[in-house]
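Written below as C-alpha cells is the structure these notes are about.
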Amino acid sequence: MSLTNTLAIFVIFFSAISFAFASDPDTLQDICVALPSSGVKVNGFECKAEANVTEDDFFFAGLANPGVINNTLGSLVTAANVEKIPGLNTLGVSFSRIDYKAGGLNPPHTHPRATEIVFVLEGQLDVAFITTANKLISKSINKGEIFVFPKGLVHYQKNSGDKPASVLSAFNSQLPGTFSVAAALFSSTPTVPDNVLAQAFQIDTKQVDNIKANLAPKKS
C-alpha cells in the first residue's frame, strides 16, 4: 500500500474517532487560524482575521519523508500540531510522525492533553503504557497495525527490529504536549535537588549527577 493511501485511510479513521472522543473544547466558528504573534492565549490562540487566512494555514508537508535522526536515543518525533499548522487552532486534532533507527527508543513520556493512536508505517515496535495501578500493558506491533495510548499515561515505543521503523501518531488535541519522564526529572530548569532524586530512586547523589550529565544537551 502506498504512503498516500495509508495516510488517507488513517486520516479517515482518526477523523471518525476524534468526533466521538474529542478532547479540546468544541469550536464556535468555522475556522480560527492561530495568530501566535498576538501574544494572547485563552486556552488556545487568538484568531487571525479571516480576510488574511490562506490555504497555507491548513497545510504542512513535513511528514512526507523520514526525519534525520541525530541523537543517542535513535528516534525523532516530527510534530504537525497547531504550532506548525495554524489552521488546527480550536479543531482538537494533530498528527506526528516518529522515525526510529534499528533499536531506537521513544523513551517513557506522557501527553497530558490527549490520547494517542499510532499506525505503523514500516518496521516492528514494542509498545507499552503503564496504568495508574502500575500495570504494564505491552504488545509488539507490525506494519499496518494500530495501538492506542490512553491520555496522560506513561508510555514508550522501542524499535525491536534490525531495520528502521516509522509510525504516524494522531492526537485528539491541537497541542497534546509531551512530558518526558527522564528529562523532566533529571534536566529540568531549575533542577530537582539531588537529594530528592537520590531518595526517590534509592541511589546516591553521585549517580544522580551522572544521569544529569548524560541527559544534558550535547554541545555541537
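Note that Cβ sites are derived from N, Cα and C of the backbone, with glycine treated the same way.
Within the same chain, residues at least six positions away from E116 (oxalate binding site) with a Cβ under 8 Å of its Cβ are V148, F149, H155, S169, A170, F171, P176. Residues or ranges marked as oxalate binding site by TrEMBL: N106, H111, E116.
If you look up TrEMBL, you'll see H109, H111, E116, H155 marked as Mn(2+) binding site.
Look at TrEMBL and you will find C32-C47 tagged as disulfide bond. All chains included, 18 other C-beta atoms sit within 10 angstroms of the C-beta of C47 (disulfide bond).
Residues or ranges marked as domain 'Cupin type-1' by TrEMBL: 61-209.
The signal peptide feature in TrEMBL is assigned to 1-22.
On a Cα basis, H111 (oxalate binding site) lies 25 Å away from C47 (disulfide bond). The oxalate site is defined by N106, H111, E116, and by the 8 Å test on Cβ atoms against their centroid, the other residues of the chain that qualify are S96, H109, T110, V118, F149, H155, S169, F171, P176, T178. The C-beta environment of N106 (oxalate binding site), restricted to residues of the same chain at least 6 apart in sequence and closer than 8 Å, consists of L73, S75, V77, I98, Y100, Y156, Q157, K158. Over all protein chains present, the Cβ of C32 (disulfide bond) has 21 other Cβ atoms lying within 10 Å.
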